[in-house]
Amino acid sequence: MEAAAAAPPHAGARGLRRHQYAVLALTFASYAAFHASRKPPSIVKAVLSADWAPFSGPQGTHRLGELDVAFLSAYALAMFAAGHLADRADLRLLLGAAMLASGATSAVLGLAYFLDIHNDAFFLAAQVASGVVQSAGWPCVVAIVGNWFGHTSSRGTIMGIWNSHTSVGNIAGSVLAAAVLEFGWGWSFLVPAFVIAALGVTVLVFLVAHPSDVGLEMEAMEVEMNANGGEEVELLGEDKKEVESERDEDELEIEMGAQLPTAIGFLEAWRLPGVAPYAFCLFFSKLVAYTFLYWLPFYIRNNAVAGQFLSHKASGILSVVFDIGGVLGGISAGFLSDAIGARAVTSVLFLFLSIPALIVYRTFGGISMRHNVGLMFLSGYFVNGPYSLITTAVATDLGTQDAVKGNSRALATVSAIIDGTGSVGAALGPLLTGYISTRGWNSVFLMLIVSITLAILFLIRLAKEEIVSKLSTRH
């Protein structure tokens, strides 16, 4: 207590800020590694379909689609349990263990090349195991970031930038997997596996999951980012007394034997305002995003650009343009939603504009490399914008809303419900693509456009309510 009394003004605020930056950086790297370890299947897909049984026969694309759905179905189903677990477990230990296990399952897939394994059941089992262990990653990182930034006014912008880890991971995974593909497709799995395992050890050693773990209390610090200039602001006078009074009451309740808030129930979380519409919107939005994640390199490889077909390696590397567009799209969606204070309106706007972007990419993407790159970037920008916004800022908004009465142990469950529902759609998209692509890629793009339209419909009511609310406050 004496050290705290002797600390200079704002010393605690500066310490908090340093920890926040460290948490952002480490969770960013962690989830980028998760996505990097998911990219190898899409990079090696064209190689497997060409000369690796059982994926090289007439039913090869169907079986490749089944591999995708094996991972994503297991991921989606396990996600609901993972969110429930994350609200009750040590987030640092759970996240680190999930990363180490993800590295192991990715390495097992790579070993199939070196051990000359051609058993379809082996690949399916490895993908199911990978989906289960990877499901713990998302609710953990969202809950950890929510612990450190739960009351930040510029949450949409911060989380939009932070959520670029998805696209950065896709880019890194594509580049790593494509770079070593010429040495054998097994290396495309082993290299990302080593990266995520190494970062898992780093998480176990260095990550601080909650301010209280280092003696900081968010309410006690009273630090907010000023939306205009990013300055640190401290509550003064009556506001500070009120916060201190509430904290004293909480401490008194604990001393008297009162129980800490219990984690919110699964069905109770589903009934929170806004959770179901956003969850079902993400179902269709993520269906589109993951179809590109798993099939874009294959699509590029099998569709000529300026009359020429690209190599497996070039197709994998070119596909990162979509993810680069997704980085800027996620940041833009977060910034815009903060600026206008309307998450649903922003999501609907991006979803609506993604429809013409996909049509134009399919129609004119093969004219030249310049057309392909520019239109692919535009598609990634609009497709990933709402996906990024909903899985981060929206999930955090819903998990910390007034309806949960300040229960800090609701965020992981809510984020898991939203992302888990979205992951069911993510499993469906690649599976359907494996079958529909045999009828032509125009049919695949039609499926994507119908999915986007349905995603818009689930948010129409919320977007209308936001517009009405904004208009009423001006009069």
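Cβ coordinates are placed from backbone N, Cα and C, and glycine is handled just like the others.
Remember, predicted model here, so these are calculated numbers, not experimental data.
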123-145, 376-398 - the one TrEMBL records as transmembrane segment: 376-398
Recorded stretch, among 69-86, 187-209, 275-296, 316-337, 444-463, maximising Cβ pairs under 8 Å relative to the transmembrane segment (161-181): 316-337
Long-range neighbours of the transmembrane segment (316-337), counting only residues six or more past its ends (CB under 8 A): 42-43, 156-161, 163-164, 166-168, 170-171, 174-175, 177-178, 181, 289, 292, 296-297, 300, 310, 343, 345-347, 349-350, 372-373, 376-389, 392-393
Spatial neighbours of the transmembrane segment (275-296) far in sequence, C-beta under 8 Å, 6+ residues away: 38-39, 41-42, 45, 68, 72, 170, 269, 319, 322, 326, 347, 351, 354, 379-380, 383-384, 386-387, 390-391, 394-395, 398, 414, 417-419, 421-430, 432-433, 437, 444, 448, 451-452, 454-456, 458-459, 461-462
Range from 21-37, 69-86, 93-115, 187-209, 444-463 with the greatest count of C-beta pairs under 8 A to the transmembrane segment (410-432): 69-86
Of 69-86, 93-115, 444-463, whichever stretch has the most CB pairs under 8 A to the transmembrane segment (21-37): 93-115
